[in-house]
Amino acid sequence: MMKTLGAVLSLSLTLLSFGGAHAATMSFKNNCPYTVWPASFGNPQLSTTGFELASQASFQLDTPVPWSGRFWARTRCSTDASGKFVCETADCDSGQLMCNGKTGIPPATLAEFTIAAGGGQDFYDVSLVDGFNLPMSVTPQGGTGTCKMGSCAANVNLVCPSELQKIGSDGSVVACLSACVKFGEPQYCCTPPQETKEKCPPTNYSQIFHEQCPDAYSYAFDDNKGLFTCSGGPNYLITFCP
């Protein structure tokens, strides 16, 4: 998770009380023409950390409040001859459907949340900081304030530079690495000595992500465009291939 939202998560969980706690319902809808295998990682861990979602299917999962974490969808999953569950994109390397506290291996499109207690201000985004593997959107349901949709509706794989492409078993581009994940250099990861927004402007690579998905995080300091808020205890709809 990018540094900016990570700081928000930590601060929010420190300041928010548990008074008036209620469950926030996450509804998942798969509009992709193929099955996906969503997964979760967060604090505290949710009742399920992985499930199968067929094309056009829906699923609901409650989070406690406060809660911080992320969701993503694995693609091209199967069980190998040894009985190990594996996925071509965003695999969490648990060897099974449940990720059990493990995060997805980049590249992966992420939906990230800080859910506040007592109807306070939630923070959420769709992030490409770890790369892209499928289109995704996050839509608040109810709530007060701006409550805008975060989204990456475009198929970034179609414009992914060759050096960032992840190639699947059939030879097609199945995901697109971020420049940070691919090269690990400060100019792309906004790490020392380029750890501030002033020292770490967008790069040509992050601009590709931003042009395709202007309502998603394209790199670590994209919070002015990619980070959204909603108050009053909303629920959320997470759509794959919106």
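Positions of Cβ are set from backbone N, Cα and C atoms, glycine also.
Per Swiss-Prot, the residue from Cys189, Cys190 that shares a disulphide bond with Cys200 is Cys190. Per Swiss-Prot, the cysteine from Cys176, Cys189 that shares a disulfide bond with Cys180 is Cys189. Between Cys87 and the candidates Cys77, Cys99, Swiss-Prot annotates a single disulfide bond, the one to Cys77. Looking up Cys230 in Swiss-Prot gives a disulphide bond to a cysteine among Cys32, Cys92, Cys99, Cys147, identified as Cys147. Nearest neighbour of Cys189 (disulfide bond) by Cα distance, taken over the disulfide-bonded residues Cys77, Cys87, Cys92, Cys160, Cys200: Cys200. Candidates Cys87, Cys147, Cys152, Cys160, Cys213 (disulfide-bonded residues) were compared with Cys241 (disulfide bond); those inside 10 Å Cα-Cα are Cys152. In this structure, the CA atom of Cys152 (disulfide bond) is 23 Å away from the CA atom of Cys200 (disulfide bond).
When secondary structure is read from DSSP and collapsed to three states, Cys147 (disulfide bond) falls in the coil class.
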